[in-house]
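**Q** Pasting the feature list from TrEMBL:
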- B:6-27: transmembrane segment (TRANSMEM)
- B:39-72: transmembrane segment (TRANSMEM)
- B:84-106: transmembrane segment (TRANSMEM)
- B:113-131: transmembrane segment (TRANSMEM)
- B:158-177: transmembrane segment (TRANSMEM)
- B:205-227: transmembrane segment (TRANSMEM)
- B:289-308: transmembrane segment (TRANSMEM)
Amino acid sequence: MTDTLLELKKISKTYPGVTALDGVDLSVGRGEVIGLIGENGAGKSTLMKVLGGVVAPSAGTIVIDGVEHGELTVKSSTKAGIAFVHQELNLFENLDVASNVFIGREPRFGGFMNLIDQATLRARVKPLLDRLGVDFGPNDLVEDLSIAQRQMVEIAKALSIDARVIIMDEPTSSLTITETERLLAVIAELRRSGVSVIYISHRLSEVIACADRVVVLRDGKRVGELAKGAITHDAMIRLMIGRDLKALYIPPQAPPQQGGLRVEDLVTTAFPDRKVSFEIRRGEIVGLAGLVGCGRTSVAQAVFGVDPPIAGRVLIDGRSIRTGSVGAAIDEGIYLAPEDRKKSGLVLDLPIVENITLANLVHYARGGLVNAGAEKVAAEEQRRKLSIKAPSVDTIAVTLSGGNQQKIVLGKWMSMRPNIVIFDEPTRGIDVGAKSEIYALMRKLADAGVAILMISSDMEEVLGVSDRIIVMHEGAVSGLLERAQFSEHNVLTLAVGGTIPEKAHAHA
Amino acid sequence: MLKKELGLFVLIIVIGTITAAINPQFISIINLSNLANQIGLFGLFALGLGFVIITGGIELSVGSMLALLGIIFLDMLVNHEWSWPIALIVTVAGGTALGTIHGLLVTQLRLQPFVVTLCGLLIYRGVARYYTADSTMGFGYGSGYETLEWLVSGRTGIVPNTFIFFVAVSIVMAIILHKSVFGRYLYAVGKNEEAARYSGIPTKLVITAAYSIAGFLTGLSAIYFVFYTQSVSPSAHGNFYELYAIAAAVLGGCSLRGGEGSIVGIFLGTVLLQVLQNLVNMLGIPSSLNFAVMGAVILFGVIADREFQRRRMRKIMIATRTPTKPAQAVPAG
């Protein structure tokens, strides 16, 4: 273990306006399993991209086998024996296991004809699979394999290039418990044979189970390290939190009113064995927190009708409404500002005015024909109210900044009659100034009697903007927090599946 | 926005002037009248195909549908001696039904439009040939449909009725595409189906309707072509006609990726194509080169358009970025 394989020294990475990494040190010894943890956006992925040669650091050095590098390329990273097992797997589903393992490095024969030497290929892959103890062979098609099996193919691929460090980014996010245990067993076996693993996970119990050492990142900084004996849930959570919060909170003008959105026993396609229930009153902003992949977006999409729920009821002001179609949701005044603005929120190639009126075009039409004048009046009104910065409402949406694009999405819904507005990551990719504008607009909507659900992975935003917080874990609501209970510790504890003792109601 | 169409118009004028200068016959009343007739015939179904292309789809079965529907129409009119209004309604309804089926296969079963309509191309051609035992069907000595014959192949003054009808349908289609709610939905669905869905637009209905409209216009065209050719030989009638329509739409500024195009563009695209065909005859170019000339001009047009668009996009980016940048730096409140 004293044998240091690679060392990151004072690695920093800055993007315009954002510091993703700030002087991070990380050393990896031979046969060591390092748990790398931190909240969403703490810089884990960026750090690993630096190691993989995808991102060049702004400062710092990388030492591999005693040789210093200013940055790595994908090629030099691979050559140094660093391999990734990605969160979204990068396999060719249409090819078999052996072809995937040696893709781009196929053994060849036949001179200039470059034929693939299938026999050698398979003979080389077989022992790798044996070593991992998997239940499939080199000739199986990847599309017939489960996600856990595909992960093993990725690991075999890493072993095939004699990887000395394998980086696993959330490897268990879609695995069952038994599959997870198998993976942990494989990690143990890798360690025995001298391969190091950097294990990134939100699942702290897995980190406890497999890591020799835990490194914690927060806001791009390395904030602590835990040695084997000191790795506990509490110690990790304590290190992950502790950011100083800026005062984002705008208090509501009046206490929340009766009525609003009520979701009862909602079952989404993403988690068919979990039920979700919660309530949002008119006039309040409720934050929906949780780790990536915990089912928050699925809930939003089920309520909005994009991905119809399997079961459950949605009620507005106590009245049960029809679910399962976007049209029906919009008719009821349930609106969604989706996570992926450019893909789902806007038609980027259309002008501002056509985007704003798109969901309510019938309102601007008589006899099926659109009244362009009326459209323009409505769009101008939204442009003024939301201060959308554009030369005119005829400007094509694609040319605007993220903040202004988000305002167009907002303008689309505010030009109608909102009862419930769901914001999915409302300020992702938006600069600081525009962020506070969006928050102010959300509060204004709430004060006008709208019930607001805000899904956010940004802890600062969740704690700073919400009146109440619902926390989800693995497809179910794991707790509710009132403003007095707001703390990163509480949110995070609920998000990783823990419970907090003081009067937090456990749901479902 | 209309720059593209204006460019096409200028191109037509330039080509026309050059052709007329070389061979004055080109602008003789009789040639222009003939040309107008051709434009009317080939433009009608191109308008429908334009709708389909704007949704990001494609319709390859037009030629085969013309043959099959033409035969059904003749069979009803001549062999079964049905009255022409009924034959007309059944033919147009048949076209609409086939288009609707294509639309449903695309939206409900999520099949690729290319595959669906390619199968249509093969099936309808096969059925038409089987039904007639591969023999040509004509009007023979049938009668009782003189009114219809005048409507679809007659002339008003020197203007062929086909052209008048094409202009009228173009105006209606232009209003639908550029002024109506449905037209706006077509563009939105073609550009970004997901965002359209997130805005509550019934995207499947919109796409299906585009195919239905294309089928409707193809049904009408089938009748026009029957009277134009006076007979239908099931193995050759309408062969490749879908390609004329696609070419016209692409020339007119439709993108096969969807979301772009205008009726004026498709109209002018059809005109240009037919002018090119006519010019080959007029200038004494071997008619075997017909397709080659057409292909070359389309290729040239598309490349030129690409270049113009790239430049325009760059200009927009520069123009909008500069003034808005400082404004954004000002935080709220």
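Here the Cβ of each residue, glycine as well, is placed from N, Cα and C on the backbone.
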**Q** Check the transmembrane segment (B:84-106) against each of B:39-72, B:113-131, B:158-177 and return whichever range has the most CB pairs under 8 Å.
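**A** The listed stretch sharing the most Cβ pairs with the transmembrane segment (B:84-106) is B:39-72.
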**Q** By a Cβ-Cβ criterion of under 8 Å, what residues six or more beyond either terminus of the transmembrane segment (B:205-227) are in contact with it?
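**A** Result: 40-41, 44-45, 47-49, 51-52, 54-55, 57, 59, 62, 65-66, 69-70, 73-74, 88, 91-100, 102-104, 106-107, 148-149, 152-153, 162, 165, 169, 182, 185-186, 189, 196, 237-238.
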**Q** At a threshold of under 8 Å on Cβ distances, which of B:6-27, B:39-72, B:113-131, B:158-177 pairs most often with the transmembrane segment (B:289-308)?
**A** B:6-27
**Q** Looking only at residues six or more beyond either end of the transmembrane segment (B:113-131), which have a C-beta under 8 A from one in the stretch?
**A** 52, 57-61, 63-65, 67-68, 71, 75, 98, 102, 105-106, 234-235, 237, 242
